[in-house]
Amino acid sequence: MATMTELSSTEEKNKYSQDTQVDEKLILRKAPSLCSTRYGIAFLAHLCNFTIMAQNVIMNISMVTMVNSTGHQSQFNNSTEGPPVDSFGGPNNAPKSLPEGAPVYDWSPQIQGIIFGSINYGMLLTLVPGGYLAGRVGTKRVLGFSLFGSSILGLFTPLAADLGLVFLIATRLLQGVTQGSVFGGQFALWERWGPPHERSRLCSFALSGMIMGAFTAILLGGVISQALGWPFVFYIFGGIGCVCCLLWFVLVYDDPVSHPWINVTEKEYIISSLAQQVSSSKQSLPIKAVVRSLPFWSICFCSFSHLWLINIFIVYTPTYISSVFHVNIRDNGFLSALPFIVAWVIGVLGGHLADFLLTKNFRIVTVRKIATVLGILPPSAFLVALPYLTSSYITTMTLLTLACGLSSLCQTGVYINALDIAPRYSSFLTGAARGFAQIAAVLAPTVSGFLLSQDSEFGWRNVFLLMFAINLLGLLIYLIFGEGDVQDWAKERKLTRL
């Protein structure tokens with residue numbers, strides 16, 4: 001007769017959570033983080049996220065020069081104060097001519113919306129399978145081939161646009177399919193590479209590559225489009241992706257055991273720190289338990305609400321700045337990119353702060369919820385205040401920068417919570433949660449565009465109020481049902497014969 005028994009009791013788990021800080025301090029003296037392999041892996045994951053997000057975002061800024069926008073002046077300009085002329089040259093003094101030879105298309109706003117949304121539809125298809133495959137066959141292969149596919153499709157985008165609208169939409173759709181595997185599958189790395197009290201900083205640094213990618217694409221996209229033509233935006237970032245792909249395949253390994261150049265001390269440190277959470281045996285996924293898990297669903301709904309906020313930033317920051325201040329594409333790129341570099345800095349520092357709090361005996365769930373509250377509530381409130389303060393250029397940019405900057409704190413909150421509640425299934429759970437949240441990436445631009453087109457006077461106010469309501473609801477669900485302990489269904493079990 002066979003029965004299922006848990007390897008560790010609740011008492012042992014509590015004892016481990018209380019004593020792990022002392023044990024880890026002893027081991028950390030032998031395994032410094034500076035120039036370590038695990039932080040090298042995090043840096044390569046940072047580059048991968050940088051490239052993928054840049055390839056995702058460049059269409060948003062390039063579209064300004066891809067279409068003939070004459071006659072589509074915004075109806076939402078209420079500003080009485082513009083950007084300083086000395087800093088940006090003024091909208092009338094900046095160079096506006098575009099390179100000859102760059103094609104221009106006659107696409108309506110509705111067509112542009114379909115092009116923007118097509119990549120998100122593609123991502124919906126592979127976020128969950130990407131997380132599952134990464135946990136089964138390894139993150140190296142899943143992310144490496146996905147990055148290569150996205151880069152090749154990025155290089156093909158200008159040709160696809162010349163071939164016709166259908167080819168362009170199909171290319172963006174396929175690019176979304178490849179990118180979904182990256183966003184959904186990368187967390188499997190930290191199942192094997194991330195010591196529990198370093199996961200916040202490792203994950204936050206890796207994920208901050210997305211913010212840096214958005215910053216760089218928005219900042220340089222306008223400059224490249226104006227200097228060389230919009231096709232070169234896709235050529236340059238596609239080429240960068242191919243180079244990063246080569247580095248990924250050569251330098252990244254799925255676990256410390258298979259890495260040929262890792263220091264022995266660091267390898268033993270990582271393996272021993274994960275001994276309580278990771279098993280070498282493959283166990284079937286407890287689907288029914290996952291579906292019934294309220295902590296998992298709280299992660300899904302909170303991720304959905306936060307991704308709605310992030311998509312408002314990424315898609316509509318250039319549009320909002322243009323509608324309020326009427327700046328050209330170069331100055332728009334500089335202004336739109338500023339909030340993202342601040343978000344990158346706060347995201348990296350937030351990871352270190354979260355790990356510091358954990359070493360001071362803060363509960364994991366407390367740290368995750370504090371980071372999530374700070375990453376959702378203040379940014380939402382700042383955006384709600386924007387339509388009432390558009391008369392001040394400095395105030396508007398300050399609120400946009402603070403809102404975008406604080407939003408990155410969720411990287412050390414809800415987005416890595418699956419590593420806490422189910423370490424051995426975290427790649428699938430994060431892929432599933434991100435897949436659920438990705439619905440927001442499809443709905444947010446569509447709903448926001450509808451609200452802006454229906455009400456020329458209060459359009460932005462309605463967009464931000466709806467976003468605030470969604471964010472508040474998702475945050476409340478997470479605060480009520482979110483957990484930080486390993487769930488019973490995620491603990492290792494073994495077959496014992498009586």
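Placement of Cβ uses the backbone N, Cα and C atoms for every residue, glycine included.
TrEMBL labels come from automatic prediction, so no person has curated them.
According to TrEMBL, the protein has these features:
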REGION    1-20  region 'Disordered'
COMPBIAS  10-20  compositional bias 'Basic and acidic residues'
TRANSMEM  39-58  transmembrane segment
DOMAIN    41-486  domain 'Major facilitator superfamily (MFS) profile'
REGION    73-93  region 'Disordered'
TRANSMEM  114-135  transmembrane segment
TRANSMEM  142-161  transmembrane segment
TRANSMEM  202-224  transmembrane segment
TRANSMEM  230-253  transmembrane segment
TRANSMEM  294-316  transmembrane segment
TRANSMEM  336-358  transmembrane segment
TRANSMEM  370-388  transmembrane segment
TRANSMEM  394-416  transmembrane segment
TRANSMEM  428-451  transmembrane segment
TRANSMEM  463-481  transmembrane segment
With the cut-off at Cβ under 8 Å and a gap of six or more residues from its ends, the chain residues touching the transmembrane segment (230-253) are 40-41, 44, 47-48, 50-52, 54-55, 58, 61-62, 65-66, 102, 139-140, 143-144, 147-148, 150-152, 154-155, 157-158, 217, 220-221, 224, 259-260
With a Cβ cut-off under 8 Å, give me the same-chain residues at least six positions beyond the ends of the transmembrane segment (114-135) that come close to it. 56, 59-60, 63, 107, 142-143, 146, 165, 168-169, 172-188, 191, 285, 315, 425, 427-432, 434-435, 438-439, 441-442, 445-446
Return the average pLDDT for the domain 'Major facilitator superfamily (MFS) profile' (41-486) as a whole number. 84
